[in-house]
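Colleague: The structure follows.
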């Protein structure tokens, strides 16, 4: 359910930026979502369509880029993406892993306007 508040923030930001720049129409928004955020793109799309009604972003295409999480083995230092729902290091078999650099992203990558 947190997708509603996340999407409301996204729409508020779009409308605010559009007003600042005197944009008449937002046509496309690209959003990056890390797989560890727990944010479901389908829910964001659902709320986006509702929340943008009667705004400059109404009818805008919403595109998602999903970023796979990256983990670092605490035993050998190998950086890897999780596969088959296991967090075992594919190099040494170690099970102690830390979240590395990717997977927690949530941001607007680009906005296309008329």
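Yeah, the Cβs are placed from backbone N, Cα and C, and that goes for glycine too.
Per Swiss-Prot, the feature Ni(2+) binding site maps to 2. Positions annotated as Zn(2+) binding site by Swiss-Prot: 73, 76, 89, 92.
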Colleague: Between residue 92 (Zn(2+) binding site) and residue 2 (Ni(2+) binding site), how far is it from one CA atom to the other, in Å?
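Modeller: Residue 92 (Zn(2+) binding site) and residue 2 (Ni(2+) binding site) have their Cα atoms 37 Å apart.
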Colleague: So for residue 73 (Zn(2+) binding site), how many other CB atoms are inside 10 Å of its CB?
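Modeller: Around the Cβ of residue 73 (Zn(2+) binding site), 22 other Cβ atoms lie within 10 Å.
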Colleague: Work out how many Å separate residue 89 (Zn(2+) binding site) and the residue listed as 'Ni(2+) binding site' at their Cα atoms, rounded off.
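Modeller: With distance taken Cα to Cα, the residue listed as 'Ni(2+) binding site' is 31 Å from residue 89 (Zn(2+) binding site).
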Colleague: Pick out which of the binding-site residues 76, 89, 92 has the most other Cβ atoms within 10 Å of its own Cβ.
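Modeller: Counting Cβ neighbours within 10 Å, the top one is 89.
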Colleague: For residue 73 (Zn(2+) binding site) and residue 2 (Ni(2+) binding site), determine the Cα separation and express it in whole Å.
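Modeller: That comes out at 31 Å between the alpha carbons.
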Colleague: With every protein chain in view, how many other Cβ atoms are within 10 Å of the Cβ of residue 2 (Ni(2+) binding site)?
Modeller: 11
Colleague: Taking DSSP three-state, what's residue 92 (Zn(2+) binding site) in: helix, strand or coil?
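Modeller: The three-state answer is coil.
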Colleague: Reported as an integer number of Å, what is the Cα distance between residue 76 (Zn(2+) binding site) and the residue listed as 'Ni(2+) binding site'?
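Modeller: Computed Cα spacing between residue 76 (Zn(2+) binding site) and the residue listed as 'Ni(2+) binding site' is 36 Å.
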